[in-house]
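Notes follow the structure.
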Amino acid sequence: MVNMGLTEKYFKWSQIVLAMLLVQVFATGMQLLSRVILVEGTFIFALMAYRHVVAAICVAPLAFYFERGQEKKFGWWVWFWLFINALTGITFAMGMFYYGLRDTTATYATNFLNLIPIVTFILSIITRIEKLKLHTRAGKMKTLGALLCVAGALTTSLYKGKEFYIGHHHIESHITVKTADAHSARGTFLLVGSCLSYSTWFIVQVKLQKVFPFKYWATMLTCIIASLQSLVIGLCLDRHKAAWKLGWNLQLVTIIYSYGSLFNTGVRLFERLRLHPGFRVRIPETATPLGATTFCLLLWVISKRGPTYPSMFNPLTLIFVALSEALVLGEAIRVGILLGTVFILLGLYSFLWGQRKEMKSLAQQRVEADEEQGKTNNEPAGSQLTATVVPSSSPTLDNNIGSDINAKDQAVHKSTV
């Protein structure tokens with residue numbers, strides 16, 4: 001019996017781990033496909049416009065089905081926050097990330113995605129949405145993690161080091177690497193701007209969720225607005241038909257592969273935001289664009305292990321991207337990127353550990369507060385009894401006790417008569 005229990009437990013654990021590994025594999029494929037089509041000359045704002053039109057079409061059935069019959073008020077204030085939501089989270093954040101990805105490498109750009117939780121934490125501290133809490137162990141670990149991630153980002157950006165290749169590399173790979181080296185400084189600034197924009201987006205989500213608490217409708221409308229924003233900016237930059245032409249090529253494959261990217265990210269944000277007095281915001285653990293398949297896998301894993309469990313696997317994407325880019329695209333692996341990646345991974349896990357401890361502490365405080373409130377509510381108001389009152393959490397039990405007392409009183413009354 002013991003062996004059967006251990007086998008069943010191991011089988012369930014392996015299913016969860018396999019699901020999270022698949023999520024990271026899908027994310028790796030997205031980064032590599034995006035890198036290839038961008039280097040080949042795909043117009044970024046055309047790609048974004050097409051992607052989010054398809055994403056809006058995919059989310060529309062969910063919005064009309066799950067949130068039908070609910071009263072929705074589309075005032076100017078709602079449209080304002082939807083516009084800001086699309087601008088900060090997609091048009092600016094994703095646009096700068098794509099330009100940074102084109103000018104650098106997939107491994108280098110993925111490093112900056114892992115920095116988004118840290119940047120969000122720093123912005124929350126600056127804007128006084130969150131408190132540093134250095135007097136607690138969780139606060140110290142989060143601060144240490146933030147410092148390690150900043151050190152890793154500086155190491156990755158400023159220190160190059162020796163480079164080496166895995167396997168065979170072609171002449172075309174050298175051309176790609178030289179192009180990335182020529183614009184690496186510009187790409188770094190764009191990736192930093194993308195991190196700041198993503199972090200601002202997570203804070204904007206709090207306000208949007210407050211004025212418009214419909215996750216599917218908000219995601220669909222955000223996709224539509226972002227597509228229009230990308231269209232307007234793109235037409236201002238390039239009006240040639242060739243830039244907007246969509247053919248049967250790798251660009252179309254990338255759009256189909258990533259059709260559910262914002263659907264996944266947006267829904268997960270609304271599911272995992274935690275509102276506190278004073279607009280306290282849940283620091284995001286990931287902001288990697290993923291597809292609808294990964295959305296289903298993530299929901300299943302979260303239902304089994306909780307919302308913080310998937311974030312522990314996110315750094316694997318960085319490792320998978322580095323190895324895949326070196327093997328498939330022939331990119332060089334540099335010592336500076338390796339050292340910076342180690343710092344970022346250590347810092348991220350330290351930060352996530354501190355955040356998890358903080359969440360457990362807050363959950364325990366809520367349970368204790370609810371128990372205290374329940375005891376207060378169950379005490380009889382104005383009672384002069386000196387006997388101890390034991391509160392009951394079951395209304396049925398209270399009714400049964402009351403009926404037993406009434407039956408005994410009636411029996412005593414009849415015997416007296």
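The backbone N, Cα and C atoms fix where each Cβ goes, glycine too.
Predicted automatically and left uncurated, TrEMBL annotations should be read as such.
Looking at 315-334, 335-354, the range annotated in TrEMBL as transmembrane segment turns out to be 335-354. It is 249-267, from the ranges 173-191, 249-267, 268-286, 382-400, that TrEMBL records as transmembrane segment. Per-residue confidence over the domain 'EamA' (17-157) averages out at a pLDDT of 86. Counting Cβ pairs closer than 8 Å to the transmembrane segment (112-129), the top stretch among 43-66, 78-100, 335-354 is 335-354. For the domain 'EamA' (17-157), the DSSP-based tally of helix, strand and coil residues reads 114 helix, 0 strand, 27 coil.
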